[in-house]
Amino acid sequence: MNANTTPETLAFTDGKLVLIDQTRLPGELVTLVCENVEQTHDAISRLVVRGAPAIGIAAAYGVCLASPANHEGYLAAIERLATSRPTAVNLFWALDRMKDVIQRTTADDDLAELLLSEAITIHDQDRQMCRDIGRHGASLLGDCRAVLTHCNAGGLATSMWGTALAPIYHLHQAGHPIEVFADETRPLLQGARLTAWELSQAGVPVTVLTDSMAGSLLKSGKIDAVIVGADRIAANGDAANKIGTYPLAVLARYHNVPFYVAAPSSTFDMALPTGDLIPIEQRSRTEVSNPHGTCVVPDAANVMNPAFDVTPAELITAIITERGVVTAPNPAKLTEHLR
Ligand SMILES: CSC[C@H]1O[C@H](OP(=O)(O)O)[C@H](O)[C@@H]1O
């Protein structure tokens, strides 16, 4: 995939973290600059930067903004950033890598350079992981003409190119005719706002549908495969992803449509035996009751707003990582794959 397929989601320049502000898309392509840990924590919590890999990379750079720039300051930064969002394991995977650097470095004055070097390595490795997921996923989607996806697991959710969308960019650039149907993904509309934006920018045909239309679309026979990202995958292959993914997997199975999960190895949490142990982020009621400031739910009513659900491994046709494809995932296969 050539470099200009999707924009760089984030960068660290002149000692500052520069983020595409994803809350402003698709109407405005603007950046938000984080100059300290608190601003980075806020950017992750408000989904200025979002998507499991992108959250991990942003948090790694956020540690580099710690003050004071010493062991205690950096460890406090890691502790603070770990409270930004609970579900995407990539956040904790990246922070653990930064903590390892601190713990194996004695001299404070070496730390700033070593930590920035580790954050840059995490960022660079993510680019390669996404590129490899694209290559491996393309082998699965090679006969597909129309795929359905949920939320945004594209370049904006990673360093660039994405996970679920990486195979689509790979095929599109190879001249393979493929179109994407994108669930709008209530309540924050990452599909309508972000997936449709980045695919359109790349020239990939995309159609937005409301989440409730997915069943009829799958019943129509038009969809050749469903492909989604993940925020945390347990040791048995159960996968947490944006709310609405689980019912999509049930519908795909009912209509005999392959259901693929694309994620780098940094999204696996092998310490969790099953997905029911994955922490699910509960977000504010206003995201559901007052979208864009318009009241659509009476104050007297209660509101649910879990940001993720868990798809059991038995509903997943295959998991695509940067290392290859695991069909019918189970603990033994995943342990071997990630060895
Ligand atoms: C490539 S991980 C993308 C993953 O993250 C999204 O959640 P959020 O937008 O809340 O960060 C969603 O679950 C995507 O599949």
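Cβ from N, Cα, C; glycine included.
Automated prediction, rather than curation, is the source of TrEMBL annotations.
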Further substrate ligand in TrEMBL, beside Arg50, Gly51, Ala52, Gln190, Asn241, Lys242, within candidate set Arg24, Arg80, Arg85: Arg85
Neighbours of the substrate site Arg50, Gly51, Ala52, Arg85, Gln190, Asn241, Lys242: Cβ within 8 Å of the Cβ centroid, same chain, sequence order. Leu47, Ile55, Thr87, Ala88, Cys151, Asn152, Ala153, Ala157, Gly229, Asp231, Ala307, Phe308
List those of the recorded positions Arg50, Arg85, Gln190, Asp231 whose Cβ lies under 6 Å from any atom of ligand 1, in sequence order, or write none if there are none. Arg50, Gln190, Asp231
Any idea which of the recorded positions Ala52, Arg85, Cys151, Gln190, Asn241 has the thinnest Cβ neighbourhood at 10 Å? Arg85
Cys151 (site 'Transition state stabilizer') sits from Ala52 (substrate binding site) (Cα to Cα, rounded, in Å) at a distance of 12
Which recorded positions sit within 10 Å of Asp231 (active site, proton donor) - Cα, from Gly51, Arg85, Cys151, Lys242: Gly51, Lys242
Rounded to an integer, what is the Cα-Cα distance in Å between Gln190 (substrate binding site) and Cys151 (site 'Transition state stabilizer')? 5
